[in-house]
Each structure stands twice: as structure tokens, then as C-alpha cells.
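Chemist: There's a structure below that I have some questions on.
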Amino acid sequence: MEFNIKSGSPEKQRVACVIVGVYESRKLTFAADLLDRISNGFISDVIRHGDMEGKLGSTLVLHSVPHTLCDRVMLVGLGKERDFRAKEYREAVRSSIKALTQTSAGEAVSYLSELTVKKHDVEWMIEQAAVVTLDVLYRFDRFKSKSDEPVREPRKLTLAVPRRSDLADGEKGLQRGLAIGNGMRLAKDLGNLPPNVCTPTYLGEEALRVAQAFGSAAEVLGPKEIAELGMHSFLSVAKGSVEEARLIVLKHQGAKDKNDKPIVLVGKGITFDSGGISLKPGEGMDEMKYDMCGAATVLGAFRAAVEMNLPLNIIAIVPACENMPNGNAVKPGDIVTSMSGQTIEVLNTDAEGRLILCDALTYAERFSPSTVIDVATLTGACVIALGHIATGLYSNQDSLARELLAAGEEVADRAWHMPLWDEYQELLKSPFADMANIGGRPGGSITAACFLSRFAKAYDWAHLDIAGTAWKGGKDKGATARPVPLLVQFLQDRADIALGNVVRRGRPRRETPEVVEDDQD
Ligand code: BES
Ligand code: MN
Ligand code: ZN
């Protein structure tokens, strides 16, 4: 779909659909009010009849509104005006686009982006409208020989900004929104691809394509080179599969100073997790194709950051392999030596994520990173703890945890800070090796994070357990691209800090200080 930015009156739009907002208790937005006036109260009549009460997320499509030049006017409920915040705005945009796909309108002009949301500028309004729209319109049907239902995707969406002087900011917001949207699409596509297509080799090739498209440096190592690095923990997982392991490394040199310490993103890339010799039960095992969603989100966030050309040095590291049982597979009881030199007793071959990540974390040391964030569908226990709402967040640096929490909050991609206390480390004791790879069922997400922390001592580190948030089950099964929005927001905030932009309420602002808002109510 094509996006556009425009400033202009709703009644003058010669287009298939004009989208305007209506608050609860019959309050019209500025754009809705203009349409109401030109049509001699047509819209307020409809509202008076009770067909549109302004409830958040409700929509009503009107045809032939007098004296307008458009074919349709879509009214979108915004809820109570005083409760209208970022979350409500996103929700309204989401339902407007869903409703739009139910019409045959090929083009629309949306005035929702013209609204004001406290603490957010025009740029943000447009950015989020684009991100939400791309999210709603996403389909994964490339393996359907014919599509179930004809999906109607509008050809063109124009987002309105209040004033001509806002056009440039709107355009900037759009570019950012598209970059985030493209990163999310990449993450969803990789996640949704079947595991016979999305193999470690495929992930490597895809990473090279991303690097090539944006001129980033890239390196994809095979089993021999991985062995030479001493990553025997990583390779012990790959051993049971006929698919070769890959270690993917992408580099974005965006900082003014090329020697600036990089931010390293590490993503778990298990392209299929059967459990290995500690085989998983059969039911729902297909969902373990999503066990590379950490890798997918790291590649997606990297793509977005590079497309936005963020002034940061960013490195993405993805250890990728399958976890399969065969005669050569790692067995419970095996002891492996990690790249760090620490030995690991593999008590359960299904706790494989940490075995590949620990070597990637050690590898990250060579870049003298300022910060390392790993992202992994690491534990079922995290799903039990936090459900499908929050990502589990662990860190050896509280200020880093706070930054990530704030970034997630900002873009409705939330995480929850979990403990990494020493008492939990005890559970990883092994009588035969430096540590065991499991710590028992209680606190399973925490002991997994504790395991990783032993390999992340050289830098500020955070771990995101996305087992509950990376994909949805049920009838709308599919990858969510979480936490791409969180990661991109975090990087964006770091870029703002690097540029010396103002930090307000704990959150850096992109622009020079604006007029101070009146925060009285
Ligand atoms: N990939 C799984 C974690 C997972 C399970 C994610 C279910 C999403 C849904 C991971 O490799 C795994 O199998 N973890 C084990 C660890 C256990 C053996 C200590 C788990 O969570 O059961
Ligand atoms: Mn597993
Ligand atoms: Zn796994």
C-alpha cells in the first residue's frame, strides 16, 4: 500500500473514503465537525439517532454525505476525550483500517492522525498510524494456492496533518513508521515460514539480503568456523540435525565516531525445536517453528534501524540451528565446553536456547559493546509467569532495564522486570561440570536467565524472554513481531541521547524542546 501525507479540509477530499473521529458523548473532532457543518448536520443527526456512540474502536461507514466530494465517510469511535491517549489512538487507527478493508474503497484519507495525543508530536502520530496500519494489513498467504477470502487491501492511504507547516514532520514520521513496519514484516515473515523453508541456511541468506539491501557489513559462518571459535555448546545443539548451523553477524556503522562502542542484539535462532533427545510431546510441536523468533526480531529491528539510518553502531548476532534427535545428537548427561571455557552438563536437551546463546554472548565480547540485549523464546515457564501480555525482562544493570521498560511502554510492546538474584543461581549447580543447563521447574524462566548471566559479565546486558509474546496461537495464529517495536524505540532513544537531544520525563524527545505543555488537568 502507498502512504501519503497531506494537509487539507476533509470536505474537499475527492476520494473513496474519508476517516474522521468521534468522541463518546457525541463530541465531534475538528474534522468531523467540518463535515457536519458542510452537510448541514448530517453527521450529528446520525449520532443523535444513536448509530454511533463514539465507543472506542466502533466504526460506521456513511455513504453520500451531502456536499462532500468523497464516496464515504467513516466515523471512528475514540472513546472519552479525556481518556484519549497513545493506546486509544492506536486502537482507533487499528479499527479504522480493519473497517476499511471491509469496504471496497481503494483510497482513503484519514484525519485520525490530525488529532492530538498528549506528550506526542505530529511526527509520532504519523509514525504510529503507519506502523499500526501495516500491522493490520499483514497477511501470510504465500503457501495458499488460492486465497480463502478475497482480501481487499486499500491501494492508498493519505494521513492528514493539521497544518501545512507540519508536512515535513509528517513525512519524517512516515519514513520512520515505514521502517518499523518493514522490520516487523520481516520478523513476522521469518517467524511464520515453515521450518522446512526457514532453515539456519535460509536465515543466513536472508540476513545477507538485508545487509546487501542497505549496504551493511555481514558475515555468515558455517560449522567449521563455529568450531574454530570454540563454540562447542552451540554446536552440541546443532549436532543432532542434518541442517548445518550458522552464525550470522550483521554490522551497522551509523555512529559519527566509527569507534563508538556498539549496541549488540543477539537473537535465538532455533529454526525448529523438537526438544532433541529430551523430545517434546507431539501436540502443538509445529509451533516450535517459532523458536527462531528471537532471531527474527533482532533481524527485523536491525533492518528498521538501518533503514532509519540511526546514528549508532549496531551489531546483530544470530546463532541458528535446529534442535533434533538423531544418533549423533547431544544426550542428557553430556558435558560440553562453551566458548568461555565454562563447562556445562546438559541435563535436558530441550533447554537448548541457552546453549546456543551462551556462546553468542561470549562472542559479543570481541566488539567491546556498550550494551548487549539478547532476545529469545527461551522458556515455557515465562509463559506461565507472564502469559502472552508481557515479555520477561532480565538485566545485570537496572538503568538498562528501566530504559527497556520505558521503550516498551512507549510503543505498547511491554516488558516486565524479573529478578536475577544470586539465590536462583544456586539451582544451576552440577556435581560434574561448572553448571547444569537446567535449574528445575520452579522459576524456570529466572534460572534460564541466570544461566545466560554467567556469560554476560563483561558488559551491560539484558535478556528478553519472548516465549509468550512472539507469536499468537489459536485461530489468528501467527508471529507478532514483538519485541521489534520495543527494540526500535530503545535504539531510537539511544540515538537521541547520542545526538544530545532533550530528555524529558525519562524519555528522550526527538526535537529541540517544544513549547511546554499545559499539564493542568
Ligand atoms: N523453545 C522452548 C521454550 C518454549 C516453550 C517457548 C513453549 C514457547 C513455548 C525452549 O527451548 C524449551 O524447550 N525450554 C524448556 C526448558 C526446560 C527443559 C528447562 C521449557 O520451557 O520447557
Ligand atoms: Mn527447547
Ligand atoms: Zn527452544
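Here the Cβ of each residue, glycine as well, is placed from N, Cα and C on the backbone.
The Mn(2+) 2 binding site annotation in TrEMBL covers Lys268, Asp273, Asp291, Glu352. Marked as Mn(2+) 1 binding site by TrEMBL: Asp273, Asp350, Glu352. Residues or ranges marked as active site by TrEMBL: Lys280, Arg354. As annotated by TrEMBL, domain 'Cytosol aminopeptidase' applies to 348-355.
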Chemist: So which other residues, same chain and not among Lys268, Asp273, Asp291, Glu352, have a Cβ within 8 Å of the centroid of the Cβ atoms at the Mn(2+) 2 site?
Modeler: Ile270, Met288, Met292, Asn323, Gly353, Ile356, Ala376, Thr377
Chemist: Between C-alpha atoms, which of these recorded positions comes nearest to Arg354 (active site): Lys268, Asp273, Lys280, Asp291?
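Modeler: Minimum Cα distance from Arg354 (active site) across Lys268, Asp273, Lys280, Asp291 lands on Lys268.
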Chemist: Of Lys268, Asp273, Asp350, Glu352, Arg354, which recorded positions come close to ligand 2, meaning Cβ under 6 Å from one of its atoms?
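Modeler: Among Lys268, Asp273, Asp350, Glu352, Arg354, near ligand 2: Asp273, Asp350, Glu352.
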Chemist: As a check: which entries in Lys268, Asp273, Lys280, Asp291, Asp350, the recorded positions, place their Cβ less than 6 Å from an atom of ligand 3?
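Modeler: If the test is a Cβ under 6 Å from any atom of ligand 3, the answer is Asp273, Asp291.
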Chemist: Between Asp291 (Mn(2+) 2 binding site) and Asp350 (Mn(2+) 1 binding site), how many Å separate their Cα atoms?
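Modeler: Their Cα atoms are separated by 12 Å.
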Chemist: Return the average pLDDT for the domain 'Cytosol aminopeptidase' (348-355) as a whole number.
Modeler: 98
Chemist: Using Cα coordinates, what distance in whole Å links Lys268 (Mn(2+) 2 binding site) and Asp350 (Mn(2+) 1 binding site)?
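Modeler: Cα-Cα, rounded: 14 Å.
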Chemist: Which residue counts does DSSP yield for the domain 'Cytosol aminopeptidase' (348-355) in the helix, strand and coil classes, in that order?
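Modeler: The domain 'Cytosol aminopeptidase' (348-355) comes out at 3 helix, 0 strand, 5 coil.
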Chemist: Round to a whole number and give the Cα-to-Cα distance in Å for the pair Glu352 (Mn(2+) 2 binding site) and Lys280 (active site).
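Modeler: With the alpha carbons as reference points, the distance is 12 Å.
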Chemist: For the recorded positions Lys268, Lys280, Arg354, which sit with their CB under 6 angstroms from an atom of ligand 1?
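Modeler: Qualifying residues: none.
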Chemist: Tell me, by DSSP, whether Asp291 (Mn(2+) 2 binding site) is helix, strand or coil?
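Modeler: Note: Asp291 (Mn(2+) 2 binding site) is helical by DSSP.
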Chemist: Just to verify a number: CA distance, Lys280 (active site) to Asp350 (Mn(2+) 1 binding site), in angstrom, no decimals.
Modeler: 8
